[in-house]
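Asker: Got a structure here, written out as structure tokens. Questions coming.
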Amino acid sequence: MPQAKLTDRFGRTVNYVRLSVTDRCDFRCVYCMAEDMTFLPRQQVLTLEEIARLARNFVALGTEKIRLTGGEPLVRKDILELVREVGTYGLRDFAMTTNGSQLPTMAEKLRKAGLHRLNISLDSLDSEKFRSITRTGNLQQVLDGIDAARDAGFRGIKLNTVVMKGRNDEEIPELIEFARRKQVDISFIEEMPLGEISEHDRGLALCTSEEVRDIIRQRHELIPVAKDSGGPARYYQMPDSDVRVGFISPHSHNFCSTCNRVRVTVEGRLLLCLGNEHSVDLRRVLRGNPVTDDKLQQAIIDAMDLKPERHHFSTNGDVQILRFMNMTGG
Ligand code: SAM
């Protein structure tokens, strides 16, 4: 294992990088994007070679975990080449977050290309509700995608559900039964104020993790999992199942003190915090002349000084961060 070399001003070691491989998506989830999005022109987007170079240099600086995300990573052309390349870097954990729509044809290829784990977003099991939340999504395709991921032999599959009051909060028990049946973990996420949306009022729609736990407890005992994953999710288990139930609660549970991660947008902006705008332009370094790995690594090391101590999300639905989640890399 390489020596950890990325440490910020607060003594936190950064060993987890989320790389966004596209801002584009085949869905338009109501909490994530506006309906009519403009996407980045090609020259502003990092090439797959540039993304791989970034990944390699992060690994040289002690990164042990990489997650590919977006936008929808599986709509990026030739994504398998990137997965194959990053798969050779000896990561302890190599994961992808996807909406699942392309998994029926891609799951097995991803597994063979060296991906370890998949997080699949699933906000509803009702096809009409699913369509209204994703605006363009087809539920059956995603359900088939989940089965394809299981058939391909992926072990650590986790579902992600953003819970919105009056939208899908009534489906929490069903989603839990679905996860138990499929033997996959599930995390419930509080909606974050990223990007300006007009489709719903985020303040009114906020369903806190405490409320979600109360709903689940009407049917199942939830026992906190002792081992801390080191991430923002807090995990629980039900006495009669191996399935873990996670809660990502940016509003009600501050997880900043153990934050070990940074993000890189597909434009090459290194984001030091999900809930702050602090960033460094790595594309400029990548496209500088001459560009050397030393220069790139120094820029990444220097950026650690900008990592803020914590984020402050308010619960009144006000937008605090202008970039949408598809730009941030969820
Ligand atoms: N397209 C992929 C997907 O659907 O999972 C990956 C990108 S998506 C931006 C990553 C995750 O961010 C998804 O689980 C999505 O539900 C979540 N997400 C997007 N916008 C969010 C918001 N405003 N608050 C909380 N979670 C959000």
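For all residues, glycine too, the Cβ spot is worked out from N, Cα and C.
Automated prediction, rather than curation, is the source of TrEMBL annotations.
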Asker: Which single residue out of Arg18, Arg202, Arg213, Arg310 does TrEMBL record at the GTP site shared with Arg67, Thr97, Lys158, Arg261, Val262, Arg263?
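Answerer: When TrEMBL describes the GTP site, the candidate it includes is Arg18.
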Asker: When DSSP is mapped onto helix/strand/coil, what comes out for Cys259 ([4Fe-4S] cluster 2 binding site)?
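Answerer: In three-state terms, Cys259 ([4Fe-4S] cluster 2 binding site) counts as coil.
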Asker: Is it possible to get the count of other C-beta atoms within 10 angstroms of the C-beta of Arg67 (GTP binding site)?
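Answerer: A 10 Å sphere around the Cβ of Arg67 (GTP binding site) contains 21 other Cβ atoms.
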Asker: Work through the binding-site residues one by one (Ser121, Met192, Cys256) and name whichever has its CA nearest to the CA of Lys158 (GTP binding site).
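Answerer: If we rank Ser121, Met192, Cys256 by Cα distance to Lys158 (GTP binding site), first place goes to Ser121.
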Asker: Spatial neighbours of Thr97 (GTP binding site) among the binding-site residues Cys25, Cys32, Ser121, Met192, Cys273, defined as Cα within 10 A: which are they?
Answerer: Ser121
Asker: Filtering Arg18, Thr97, Met192, Val262, Arg263 (binding-site residues) by proximity to ligand 1: which pass a Cβ cutoff of under 6 Å to any of its atoms?
Answerer: Thr97, Met192
Asker: Within 10 Å of Met192 (S-adenosyl-L-methionine binding site) by C-alpha distance: pick out those among the binding-site residues Cys29, Cys32, Cys273, and say none if nothing qualifies.
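Answerer: So far as Cα distances go, the binding-site residues lying within 10 Å of Met192 (S-adenosyl-L-methionine binding site) are Cys32.
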Asker: Any idea which of the binding-site residues Cys25, Cys32, Met192, Cys256, Cys259 has the thinnest Cβ neighbourhood at 10 Å?
Answerer: Cys256
